[in-house]
Every structure is written in C-alpha cells, then in structure tokens.
C-alpha cells in the first residue's frame, strides 16, 4: 500500500520536494537553489532547464533520503511560482528564451499602452486582474516580439507556452501532457475566470496564438504520469495549483470568508470567496482559487512584491545581518522603529497601489537611527503592507476577518507575527506544518487518488502551532498606520515614465 504523497514545490529561489504522510506530516524535504539572472535593471530571469533539472534532482533525492521507492508514493502534486513564463520549441523541448519571472518589469511600458487604449476594464472584467507587468500574457508577447524568429514559429504552431507547472509537467511526462490548472491559467491575463476558458478577445489584444496555450484542467485530477525514467516507476500527477492558491488549500481555508497570508519572497493574502467571482472595488485581484469536484472556487488576492526579500536585502545589500534569522534579535534590541519607516518598493508596489514606478524609500532617519531601527522597520513593512491589503479585502467581501492563518518561512519570526496581530487587530494563527504550499499540492493530489477521502477530512487535519493575540493600543496602531501611509506616498511614482 502506498503511504505517501509527493509534493513538488517549484519556488522563486529554489526547487523543493516534500513527502507527506497520510496524517499530513512531513516525512522528508529536499531543496536546491538555482540561479537568479538580472540582465538589466528591472529584468529578472531564470534558466528554464535549470529549473527542471533542480526539480527532478530534489525529487529523486527526497525519495532516496527517505529510504522509500516510487511504489510507496500514491501520487504527486505540483505547485509553482506563478506568472513566470516559459516558451519552448514543441519539437525539441528547448526554451527559446530564459523564463521571464513574475518580478520582471520589462513589459510595464506595454501595459501602459494597453491602459491608454482603454483596455484596463476589459481585462479586469474577464480576468479579475489589473494590467501589470507581473502577469504572464505581456511576457509571452515580449518573447514573441523580441526573440528572432519566435513569432513566425509560434504562428506555425511550433512553439508552446506554459507557466512553470506546465513546463514541469511537460518534461516529467516526456512531452505527453501540455496542461495547466485553472488557478495558474487565471494568472496569465489570457484566461476568462467567468467562463473558465482561454479568451479569444484577450489573445487578440495580446497577439498570442491560441495554439501555444496548454489545456486547462482541474486542480485535483490525474493529468499524466511522471515517466518511469525519473523514479523507476510511473507516479500519477494528480494535483496542480499556483503556489498561493495551494497555500490557501493547505491552510484548510476551504470555506468562504477564511483567509491566509503567505510570508515568502513576497507576501500574498487570499480570501476564499466561494463559487462566485467577487469583483474588487479596492484594487485587489479576483482569481481562481482551485477547481475540484466541489466546483470552481474563487478568491480575492492582495499581492505584496517584496516581503521576505527585504530581509535578504538587509543581508546581501546592506550587510547588516549575516543570516536572515538574525534580523529578529537585531530588531528586538530596540523598543520600536525610532520613527524609521522602510517602504520596500524595489520592484514597484503591488496591491492595493499597483504603482510600477514606485521605488524603495526609507524615511524618518535621524542621527539616532541605527541598523536595529532599520531592521525593525524592514520587518514592520511586511506587516504594514499586509494591513493595507486586509483593509481592502474586508471592504470588498463585507466580511470581518475572525483570524488570519499565516504560513511561509518568515512566520518563524515571532516578532513579526506578534506585530502583525497588533497592527491587524485580529489573531494570527501559525500552523504546525508551515509548509502549507506543498501541503496544499499534496492534498489536491491525494484527494484525486482517494488517499484522502474528502475535503472535510482535510479540514480536520489542520493543526495550530501558536496563536498570536493583538496587544497594541488603538492610539499606537493608528499612529503607526498614519506614518506608514505617509511613507508609502513618498515612494510612489519615483521613476519618471
């Protein structure tokens, strides 16, 4: 009898494989980082072959280290950095260009052109998204227009497009499956979330041939098998969801009104809105959460581009810490931020501002400011950006959040979690298994193959590690928020278009 589900978690900085038990506990984790490529300011790329090579390597290592064979694995689930775009040759499988990463800003000018043509509402109504360089559609167009010969080949049906899930599945199945799920498709600017299908009008505006696009499947169904060459035996690929949707599922936010925030490279808050699309009036995104036998579920999403990455910047850019975990003790060495506010708009501002021309800004610096104040301001910026999103989410949904479930690497930072509860004014719940992105992919795969019987069973498996209760006066909270909002205004529109 197979006792495990394998999750392949392909992230922005590393590829990981995690084995989960029937109880939803972690048996083994394997991780490998890969190269970040910055060809020009504002451009971010990955080598698509390196992504697949690292992912297949950790998949093998994970099973070897756990001392189990492929026969012990009932199914595999995939979750991935979303929006990152790969275009490859259908015949050879070779990418025609590096993967263009979700953080990449090179298509900002084209997004402005589309807005000037009055098309923002067309895209918002059909896709739930804003016209921003973040999403895949404009990246595909850039590749077709800037890689010699790419457009001609695409129009002959010789090129394929995929987000990272599609690229992994294509390679794992040896080219047998060119598929994506509805959650990933909903991040492309080419998918109509109301009809659940690619949209010809949007494809026409973006000038992307339909023949390039993958077939859209559910998030919890068998779409193909990992070829026996990789692990010695075929394993069904039975779950697929973009990383933030998978984390929402892994946090068991299965009922409308439940919300989670993932603290990773960026910060991503999603609220389950049920089987109806809830349009945002406050610059949030409406997105597909997942499609399961229970139906197509939607979410409101607020995306913060820079969260944990601000701590990496303290380490790599400023050199004020040697390792990321040191930031908590450094920040705790001062009682407050000393009036220093850091707006980490290194790649523009995401929700709810959507300012591609904002840049990182630090204000309130005096001679008394120290590296500890900067460290504290950096951590606080993560929580304050999250507050901006929660305020909008509550207005759009009409739901007062009862608690926020938190996951991702930065949730290990107790100072950040407590400050988050303080500024939100609601409890923050950290689960025992914080690898909820991978867990969500595992749940979706296990559900499709009968490893877990129902979503009710999955909901009962979620376990609390620690609940952080708000402990800040209203006056102090209001002052922090007021100063933060002043700092954000100073970061906006810094780059002159």
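Each residue, glycine too, has its Cβ placed from N, Cα and C.
Of the residues proposed, 38, 134, 298, the one Swiss-Prot records at the same glycerol site as 82, 83, 243, 244 is 134. Residues 82, 83, 134, 243 are recorded by Swiss-Prot as sn-glycerol 3-phosphate binders, and the candidate that the same record lists for that site, out of 12, 13, 361, is 12. Ranked by how many other Cβ atoms sit within 10 Å of their Cβ, the binding-site residues 244, 413 place 413 at the bottom. Note: the Cα of residue 409 (ATP binding site) and the Cα of residue 16 (ADP binding site) are spaced 14 Å from each other. In three-state terms derived from DSSP, residue 14 (ATP binding site) belongs to an extended strand segment. When the alpha carbons of residue 265 (ATP binding site) and residue 82 (sn-glycerol 3-phosphate binding site) are compared, the span between them is 13 angstrom. Sequence-ordered, the extra residues of this chain that approach the ATP site, with Cβ no more than 8 Å from the Cβ center of 12, 13, 14, 265, 308, 312, 409, are 11, 264, 309. Of all Cβ atoms in the shown protein chains, 16 besides its own fall within 10 Å of the Cβ of residue 13 (ATP binding site).
Distance noted between the C-alpha atoms of residue 13 (ATP binding site) and residue 82 (sn-glycerol 3-phosphate binding site) is 13 Å.
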